[in-house]
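Taken verbatim from TrEMBL:
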TRANSMEM  B:85-104  transmembrane segment
TRANSMEM  B:111-127  transmembrane segment
TRANSMEM  B:133-151  transmembrane segment
TRANSMEM  B:158-177  transmembrane segment
TRANSMEM  B:208-226  transmembrane segment
TRANSMEM  B:246-267  transmembrane segment
TRANSMEM  B:287-308  transmembrane segment
């Protein structure tokens with residue numbers, strides 16, 4: 001569904017993403033993990049068209065979309081959420097979702113109806129008439145998800161939709177994400193919460209300092225010494241092995 | 001948009017028309033006509049500034065283009081006033097599209113956009129003050145010649161009625177904005193441009209459409225102004241006064257609301273007129289009042305006069321959308 005090849009992005013001297021490649025196969029949930037500042041969000045921004053890569057290509061459903069602006073990618077069926085939530089603060093929750101629904105429903109009444117249905121699906125039924133600015137963190141994350149879903153995407157790019165949620169809120173939202181996948185939507189998610197990654201993803205990529213350092217099923221990747229070192233520092237993997245994994 | 005959506009604009013037109021034909025004195029009728037003209041200019045401003053969040057400081061560029069176009073066409077080419085009106089609106093809209101194309105292409109927003117629009121209007125003012133086609137500093141005079149086709153009426157109530165009908169049409173246009181995908185996209189851009197983009201909104205095109213509509217509406221105000229006073233010069237057409245009155249009326253009345261600009265124009269000009277009468281005509285005293293009203297509005301009723309109404313009625317309503325919003329705004 002989505003594949004990025006050799007993506008590179010420099011911000012003056014800093015190489016934020018360095019020759020990174022990944023693929024999100026159709027109908028699967030693919031994860032992208034990595035320590036803070038690894039360049040995950042930058043990679044996402046390039047995939048969705050918000051940043052132009054200095055090198056590399058983005059291919060969506062078999063077509064090269066590297067140079068396409070975000071709104072055209074959205075029309076092709078690519079939807080993203082933002083790590084730092086971006087609600088239309090002055091509008092109600094229903095109106096927020098309706099903006100997404102308008103992509104395929106020109107009529108206001110239809111878009112509002114779709115918004116109702118999607119709002120209910122992600123658990124925002126009670127909040128539909130509230131101003132988006134009045135939502136809790138968990139509510140805003142759900143709103144991000146709902147708006148993206150309202151565009152009827154083929155591919156959903158989720159940028160830390162679980163961050164800032166408490167364990168019970170996470171438990172509530174995991175089935176929602178899985179249900180979206182079951183309907184045939186391909187998902188690529190950036191996530192920090194390993195419990196969720198283990199739970200949802202079939203395949204994960206690990207980005208560290210802009211480079212893709214590992215990929216594979218989550219269990220394997222989490223044991224990869226390179227990955228452990230990327231998270232915990234140089235020599236950590238060796239020390240953990242020496243300690244027999246007791247500290248892990 | 002359904003027939004029901006047009007009910008409020010229709011009621012407004014009936015009330016205003018009833019007022020125009022209620023036997024007002026000449027002075028009051030003139031004031032009513034002027035209120036309608038400023039309202040139209042402000043309604044145009046509100047489309048871009050209120051719904052789109054793009055505050056222009058140069059709507060004079062559109063107002064003046066409308067005014068000059070119709071007078072030039074009538075005096076030098078003998079075109080009838082109605083064709084002049086259509087041409088004025090179209091050319092005004094085209095100037096809007098041109099300024100929009102240049103500004104939005106370069107991603108101008110906020111104070112940068114306000115400044116660039118002011119610059120465009122000022123350039124037009126200076127150019128029209130010296131160009132032969134606009135009559136230079138002397139301006140253009142349209143000879144008095146009553147007749148429907150000339151859009152000049154011996155009985156000024158008919159001119160008032162036409163202005164009121166246009167205000168009604170602009171109200172309906174605003175209502176359409178509130179009920180359409182285009183309007184929803186425009187508001188989404190105001191609230192969060194990046195999020196709108198992610199949802200498939202072509203930000204550039206929507207903004208361009210908004211400034212074109214906005215400019216056309218304000219150009220219509222310019223056409224009516226020229227037609228009412230049968231005269232236009234560089235200061236009247238492209239001077240900052242109209243840019244300021246358009247945004248004043250919209251802000252005081254209530255940004256992004258259907259009735260805001262109309263209410264704002266009536267309130268501002270009405271108060272200005274009363275002050276002038278009370279003070280015995282000290283020059284510029286109405287501007288002093290305008291400034292004071294703007295300060296009071298921004299400080300105490302940031303949502304404009306329209307939000308005052310919601311605030312008063314909101315308490316008695318069940319916890320609906322408006323009640324919640326005014327709580328948050330407060």
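For all residues, glycine too, the Cβ spot is worked out from N, Cα and C.
Curation plays no part in TrEMBL annotations; they are all automatic predictions.
Source: prediction; values computed, not measured.
Within the same chain, residues 68, 71-72, 74-75, 80-82, 85, 127, 159, 162, 226-227, 230-234, 236-237 sit at least 6 positions outside the transmembrane segment (B:133-151) and bring their C-beta atoms closer than 8 Å to a C-beta of that stretch. When each of the listed stretches B:111-127, B:208-226, B:287-308 is scored by C-beta pairs under 8 angstroms to the transmembrane segment (B:85-104), B:208-226 comes out highest. By the count of Cβ pairs under 8 Å, the stretch nearest in packing to the transmembrane segment (B:208-226) among B:111-127, B:158-177, B:246-267 is B:158-177. Counting only same-chain residues 6+ beyond the ends of the transmembrane segment (B:111-127), those with a CB under 8 A from a CB of the stretch are 54-61, 64-65, 99, 102-103, 134, 234-235, 237-240, 243.
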